[in-house]
Amino acid sequence: MSIWELTLAFVVVVLMLVALLANVLVLLCFLYSTDIRKQVPGLFILNLTFCNLLMTVSSMPLTLAGIIYKSQPGGDQICHVVGFLETFLTTNSMLSMAALSIDRWIAVVFPLSYHSKMRYRDAALILSYTWLHSVSFPIAAASLSWVGFHHLYASCTLYNKRPEDRTQFVIFTGVFHALSFLLSLIILCFTYLKVLKVARFHCKRIDVITMQTLVLLVDIHPSVRERCLEEQKRRRQRATKKISTFIGTFILCFAPYVITRLVELSSVVHINSHWGIISKCLAYSKAVSDPFVYSLLRHQYKKTWKDIINKILKRSSINSSALTSEAHNRNMSQLNE
């Protein structure tokens, strides 16, 4: 193996370990916290976590084996199943992010009617659509034998081996990415930009009230005034950073892979195999970033996993103290004998 291949294999291993740990932690938080389970966005996050976990344990190991052995790992049946899952899970995770953005849009733009517009039943209907939408493309691809091991990405994915089907495969690939990546990106941009507009409007209102208060409070200490102005600045930047993170990670992780898949359809442009694997790793990195972007860095999830860790540590400390006292009593009884 060359140094490039060793580096790419190491990157895939790191992505697998971090994605597995982070998504399992999100799942534990969901199972542990009643408050998280009661919230409607928790269903979308659970679905996204499920997709990321299944992608981590199915597609990533075969890509790692493909990089190491430079050939199809396992038999055709295994590769077809993994390629089917890869297509389904990637589409499902994209649509889950779009569903989360729709939930945030309704919550911020229509706060008074949120609970009537986004109930568990509505979330279940949205998830049903995402599953139906996501499973339709891999079923069509599998029925046309367009799933297999692709050496450019060292993974089992959409792949056409028959030259006579090239035109149909090009149309299918274009429609697939338009109705998965492009559709999700449009929904993300529309909803989050609406959310940003409302957030900026509220920030302006708060800024006006803050400035009026500072003008009225003549005797206020300069340090307090500075802290108020600094908080005012942070408040304006907070919403922009969050929305930039949501949209930016989606584009950074998926766009290189989608563009590479589309450029690959042209026989004019030659794509380097190393870049193909790098673009695939970027798509896999979404399974690593999602737990932090949507869950673990939020206050409620931070509090939950800290409670879980404290509970585990407290239980272990109680067990160790019990064992220590038991050993002490045993030693005392032996001395008395």
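Including glycine, each Cβ sits where the backbone N, Cα and C put it.
Quantities reported herein were computed from a predicted structural model and do not represent experimental measurements.
Residues or ranges marked as domain 'G-protein coupled receptors family 1 profile' in TrEMBL: 22-294.
What TrEMBL records for 6-32 (among others) is transmembrane segment.
Remote same-chain partners of the transmembrane segment (44-69), defined as residues 6 or more beyond its termini with a Cβ less than 8 Å from a stretch Cβ, comprise 1, 5, 8-9, 12-13, 15-16, 19-20, 23-24, 26-27, 30, 78-79, 82, 85-86, 89-90, 92-93, 96-97, 99-100, 103, 123, 126-127, 130, 149, 151, 153-156, 277, 280, 284, 286-287, 290-291, 294-295. As annotated by TrEMBL, transmembrane segment applies to 44-69 (among others).
TrEMBL lists 123-149 (among others) with the feature transmembrane segment. Listed by sequence, the residues of this chain that lie at least six past the ends of the transmembrane segment (123-149) yet keep a Cβ under 8 A from its Cβ atoms are 40, 43-44, 47, 66, 71-73, 76, 79-80, 83-85, 87-89, 91-92, 95-96, 99, 102-103, 155-162, 165, 168-169, 172, 176, 179-180.
For the transmembrane segment (169-195), same-chain residues at least 6 beyond its ends with a Cβ under 8 Å from one of its own Cβ atoms are 87, 90-91, 94-95, 97-98, 101-102, 104-105, 108-109, 133-134, 137, 140-141, 144, 146, 158, 160, 239, 243, 246-247, 250-251, 254-255, 258, 261-262, 265. Positions annotated as transmembrane segment by TrEMBL: 169-195 (among others).
Away from its own ends, the transmembrane segment (243-263) comes close to residues 94, 97, 101, 158, 173-174, 177, 181, 184-185, 188-189, 192-193, 195-196, 269, 271, 275-276, 278-280, 282-283, 285-286, 289, 293 of its chain (Cβ-Cβ under 8 Å, at least six residues beyond either end). Annotation comment: TrEMBL describes 243-263 (among others) as transmembrane segment.
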